[in-house]
Amino acid sequence: MVAISLYLFAASVALVAVYLKYLYRWRRRDEPPMVPGGLIWGNCKEFGEHAVRFLHKSHKSCGDIFTIRLLHQYLTIVMDPHSYDRFTREKTFDFDPIQKQVNHNVFSFELINPRKMLKEAGKTVRGHYMNNIMQNFSKYLNETFADISTKDILGNLHDIPKGENWCASNLRVLTARTMFTSLFKTIFGNPRPEDTFQPMPVFENFEIYHKYFNYMWLGLPSSLFPAATKALKALVKQPCSSDFLSREDLSHYIRFSTEYMLNYNQAETEIMGHNLVYLHVNYNTFRVSFWTMYFLLEHREAWTALSTEIQTAVDEKKQYCSSDEPIAFNLDEVESLPILDSIVKETMRSTSGVFMVRAISEDTKFEMENGQKYFLRKGDKVAMYPPALHKDPEIFEEPEQFKYDRFVDAKFYKNGREVKNPVIAFGSLCPGKRLAIAQSKWFLMCLVNMFDLELLEGQRTCPDSAYHGHEILPPKNDVEVRFRHRNSFQTLSFE
């Protein structure tokens, strides 16, 4: 009995020692206040239940900057939108370790000299490359719109006469068959019939795998999640790099990154992992498109306003082309449509879950925009959480409401000062932000120009707050819609 008591005492002492060494720490002078949390999990429970509400609550009690703990990781949160530029410019706030953590923990690969690769590869989604991407994307999008008009999800032929019969679908499936498929082909080229790496199977497996992103990013092994493990095995069944490189319609980004990794003698499995990272980035563009479609259908006044704006733009173009040729738009013309721009921004504001996280490479005295200075420790992480800003009632009136025209000729203020970056959906370092937004806008333009869509009676959904940390939140449930061709339309093309 005495021996058992001694063992229990020793175990208790060991647990306390582990807690004090790895989980507990004293707040040092000039450090941000710490938000109280659980003994083992820290603030995981409250953050996981609803990150925005938790951070708003912590903001009220602790101020514009505070530290939380997620498992063993300490994370300092900057809640002041006016300090955004200082956050992004601080040299000791390093994104490389975060990127490495995601690549290793979630997609099982490492990049050699990642900063150089991403800097060079990032050029292939901007400038003249972007115009080429948009042209290919537009071509594939028109093909998918033709497919949903002539084939069911299994590929069986059917016909939808213009302006007559309605066709029913899940909104998620409809968006995947059109937007995701077009993105997939724009990235990897048109798959061969014998390839197992096809858009819809990849989409279904990516949906499964993505559910566990937050857990794996924090370091929990994918083996704890059998569904994720099974999905990943399917996702890595890709054509080899030489097969991809032989495709004329392969994207410049994948071509450059593949050749770069081959030059460093990186394995095929690592190239496949990087392909999945890039697909992950584009998967968020698919989610934006899902939500823009949903909000347009839920708020019919938004559909009417956008339809009128697009029809006006199309009618102006019709004067200069014949009725049997596509109506061409360029990027400047797409970006100049105020209702379209506002709807996409409002969608990202309403559904963004992105976490802008950096590793602190050196002990740092970080100065906020108001002049206050705080000591931040080397080895911790620091973050801004845009969704908490997007739902701030001091910045946005009725932030829980979707208002399609919120961003038309609008400015936003916090503490009497204009907020320079009111919507931060893809993070400050994403080289393809403009491309992703342009693709989302073009998808909406073509969709509204070509189809009538309606939500079926009683169909509603909302963003799932359990997935805060994802760039764009998934819906809690899918919804049923019906669609048909408009009585009269001309196909759009990108020039």
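Each residue, glycine too, has its Cβ placed from N, Cα and C.
Predicted, not measured: the structure shown is a model, and the values here were computed from it.
Positions annotated as transmembrane segment by TrEMBL: 6-24.
Counting only same-chain residues six or more apart in sequence, the Cβ atoms lying under 8 angstroms from the Cβ of Leu111 (substrate binding site) belong to Gln99, Lys100, Asn103, Met117, Leu118, Met261, Gln266, Glu270, His274. The feature substrate binding site is assigned by TrEMBL to Leu111, Asn284, Lys381.
Secondary structure at Cys430 (heme binding site), taken from DSSP and collapsed to helix, strand or coil, is coil. The 10 Å shell around the Cβ of Cys430 (heme binding site) contains 17 further Cβ atoms across the protein chains shown. What TrEMBL records for Cys430 is heme binding site.
There are 23 other CB atoms within 10 A of the CB of Lys381 (substrate binding site), with all protein chains counted. Other Cβ atoms within 10 Å of the Cβ of Asn284 (substrate binding site) number 22 in total over all chains. Residue pair Asn284 (substrate binding site) / Cys430 (heme binding site) shows a Cα separation of 12 Å. In this structure, Leu111 (substrate binding site) belongs to neither helix nor strand by DSSP; it is coil.
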